[in-house]
Amino acid sequence: MVLIRVLANLLILHLSYAQKSSELVIGGDECNINEHRFLALVYANGSLCGGTLINQEWVLTARHCDRGNMRIYLGMHNLKVLNKDALRRFPKEKYFCLNIRNDTIWDKDIMLIRLNRPVRNSAHIAPLSLPSNPPSVGSVCRVMGWGTITSPNATLPDVPHCANINILDYAVCQAAYRGLAATTLCSGILEGGKDTCKGDSGGPLICNGQFQGILSVGGNPCAQPRKPGVYTKVFDYTDWIQSIISGNTDAACPP
């Protein structure tokens, strides 16, 4: 009952937030309820982000999603019809790389969160493994989130929307954004029409079944031609992530 009341309040805040932001999943369709068991909804001080459960105790999201009063929801699909196995967790520990921001791009935009209590696999909750190889240009990738499905005016879905996009040549994003970090991926549709943006920050980019990216930044308005999304490249951080999880909290980030 408490979780239901919390989610009702979250919906109200979600509506308010969407009126301020046009940068979310555009050009997609409703996700299948069984395709996003790893997807987390991260809520902190009026801001919404996505996240990815990578084992029973850890979630990956974007560094710039870090705000006070963070709550992490798992097992969610329709925000108006609560799944029986939906859970709420809080951060027990947070880990970052040194984060530098210029006027356009976040560098090392990654945050590893240890949950206050582990979760169990269930009908709507299961982790997504870290990648074994980096993606190649042209790879088909899946993105998802609960954000607005129209831009610039907001239209909110009750369920997360998913879209297929592609890994693009790094030069496309270099031309679109100043100061692009080397540990990022460029992904979208070159001619526009499908994309993720700010409101889905921290959500996953899944290419050929592997968790390859964390949404960092995108164009505004979103889904514009030659303005694809920029994603933190998860493969480059796998050693750091695994070291932190194993207890080496002084592990070095990639350069």
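The first residue you see is number 1, and the count goes up from there.
Cβ atoms here come from the backbone N, Cα and C positions, even for glycine.
Of the listed cysteines (CYS162, CYS173, CYS186), only CYS162 is recorded by Swiss-Prot as the disulfide partner of CYS31. Looking up CYS186 in Swiss-Prot gives a disulphide bond to a cysteine among CYS173, CYS207, identified as CYS173. Partner cysteine of CYS253, as given in Swiss-Prot, is CYS97 (from among CYS65, CYS97, CYS141, disulfide bond). Among CYS65, CYS141, CYS222, the one Swiss-Prot lists as the disulfide partner of CYS207 is CYS141. Cα to Cα, CYS186 (disulfide bond) and CYS253 (disulfide bond) are separated by 21 Å. The least crowded of the disulfide-bonded residues CYS65, CYS97, CYS222, judged by other CB atoms within 10 A of its own CB, is CYS97.
Looking at ASN45, SER201, the recorded positions in this record, the fewest other C-beta atoms within 10 angstroms of the C-beta turn up around ASN45. Taking Cα separation as the measure, CYS49 (disulfide bond) is nearest to CYS222 of the disulfide-bonded residues CYS97, CYS207, CYS222, CYS253. Candidates CYS31, CYS97, ASP109, CYS162, CYS222, CYS253 (recorded positions) were compared with HIS64 (active site, charge relay system); those inside 10 Å Cα-Cα are ASP109. Closest to CYS253 (disulfide bond) in space, going by CA atoms and restricting to the disulfide-bonded residues CYS31, CYS65, CYS162, CYS207, is CYS65.
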